[in-house]
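Presented below is the structure to which this report refers.
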Amino acid sequence: MFNCLRLSSCLVRNGTNSCSKFSAFKTISPARSFVSNSLLVKPTGGGFTVRDATKNSLLTIARSCRTPISRYCTKPTLPEKGSKAVGYWLLGCSGMVFVAVVLGGVTRLTESGLSMVTWKLLGEKMPRGESEWREEFERYQQFPEFKLKNQDISLQEFKMIWYMEYGHRMWGRAIGAFYAIPAVYFWTRGYFNRTMKIRVLAFGTLIGLQGLMGWYMVKSGLEDRFHQESDVPRVSQYRLASHLGFAFVLYSLFLWSALDKLLPAQKLLGQIPAATFRFKGLAHATKAAVFFTALSGAFVAGLDAGLIYNSFPKMADRWIPSDILALSPTLRNFTENPTTVQFDHRVLGTATLTLITGMFLLSRRRLLPPRAYKAATAVAVMGWMQVALGITTLLTYVPVPLAASHQSGSLILLSLAIWLTHEMKLVKRLPK
């Protein structure tokens, strides 16, 4: 058809009046040639002329003809400048955040987080000689953890927990440098479009807030607020959950953006069934369940709730422990009662595993993008592994290697859920 339009255009330019004898030309509405980007126009004086579409503001293509074409004949998206380089950088940032979460978990499990009692933006100076180590140790002795719990700690033991906290802090600052330096380079070289620039600013803000939240969390364990006989010096579980939540959000955003660049979502061709759209919603619900279950684990860690009721599936031969609502008012139990916090984590973990299993079984019977099947399988396998790891950690009284693996497993499971939802990203309803 397009070649016919080009041929008719040539005949018109030659001034042949024979064209007017053909009734077909009289019924042709103004149409854009996809090849020459020109309009075939019948002027008032008779005959046909060809005008450049970019200079003619009087004639437009009828919407009824344009709509079906625009749905199926779209211009292919060109790769952005340096897309792969930006993608690998974002993937590296997400990997560094992953390591930071693992280091933070080990720091918490080894009770090293309160060993450093000061905070500086660009980093604390490491003690060099014996006298500097003595000064650092004396500062530590002025705070509740030493006075109420670690009175018998030696200088050598103090060095071990101090190094652990120092490593965690310096890794956080390394993330900032690894993010900021390439970000400035890519920005100045024009590698970011408008959307990516907004994301880059948001990432930088979150990294800064995460560092401040980390110190705000540590500060809660250095305050003079442990006066009751049963009080144990530790950071606030609320601030710990916020700190971990910020890390999970930052990691998720980095990973999602990296997948945009390195592993673009696949499209489904043809008519998409309604069941596929419902499955997309289920995949997002599964991802949210994984996130909130992991966040509830922060309360378990903050209250050392894993050290009580070390049995499964019952808690001390009861399905519902007797002290589950021991605190008043009742709402306090859900964030301050170790029994209730562990019970909630068990229920959330079981519910999330049920949701994951159902999602996997449904995925076998739904039309999905090709890689989504693999992602759904990976989520199911990791979900069962994570629950098994959590139960083993509980039954063995929370050894550090198992507990750290359980926390890392939650982030791996979240990563796979993000991958699944990213594969479903282009499953959208076409406008009618």
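Just so you know, glycine gets a Cβ as well, placed from its N, Cα and C.
Annotated features in TrEMBL:
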- 85-106: transmembrane segment (TRANSMEM)
- 170-188: transmembrane segment (TRANSMEM)
- 200-218: transmembrane segment (TRANSMEM)
- 238-259: transmembrane segment (TRANSMEM)
- 288-309: transmembrane segment (TRANSMEM)
- 347-363: transmembrane segment (TRANSMEM)
- 375-398: transmembrane segment (TRANSMEM)
- 404-422: transmembrane segment (TRANSMEM)
*Could you tell me whether the transmembrane segment (200-218) and the transmembrane segment (288-309) have 3+ CB pairs under 8 A, leaving out pairs under 6 positions apart?*
no
*asked:* Within the same chain, where does the transmembrane segment (375-398) have neighbours whose Cβ lies under 8 angstroms from its own Cβ atoms, ignoring anything closer than 6 residues to its ends? I mean 6 or more beyond.
replied: 109, 283, 286, 290, 306-307, 310-312, 349-350, 352-353, 356-357, 359-360, 363, 368, 405-406, 409-410, 412-413, 416-417, 419-420, 423
_Take the C-beta pairs under 8 A between the transmembrane segment (404-422) and each of 170-188, 200-218, 238-259. Which stretch has the highest count?_
238-259
_Tertiary contacts of the transmembrane segment (170-188), as residues 6+ beyond its ends and Cβ separation under 8 Å_ = 82, 85-86, 89, 92-93, 96-97, 99-100, 103, 122-123, 197, 200, 203-204, 207-208, 210-211, 214
*State the non-local partners of the transmembrane segment (238-259) in its own chain: residues 6+ outside its ends, Cβ under 8 Å from one of its Cβ atoms.*
87-88, 90-91, 93-94, 97-98, 100-101, 104, 108, 196, 199, 202-203, 206-207, 209-210, 213-214, 216-217, 220, 265, 291, 294-295, 298-299, 301-302, 335, 411, 414-415, 418-419, 422
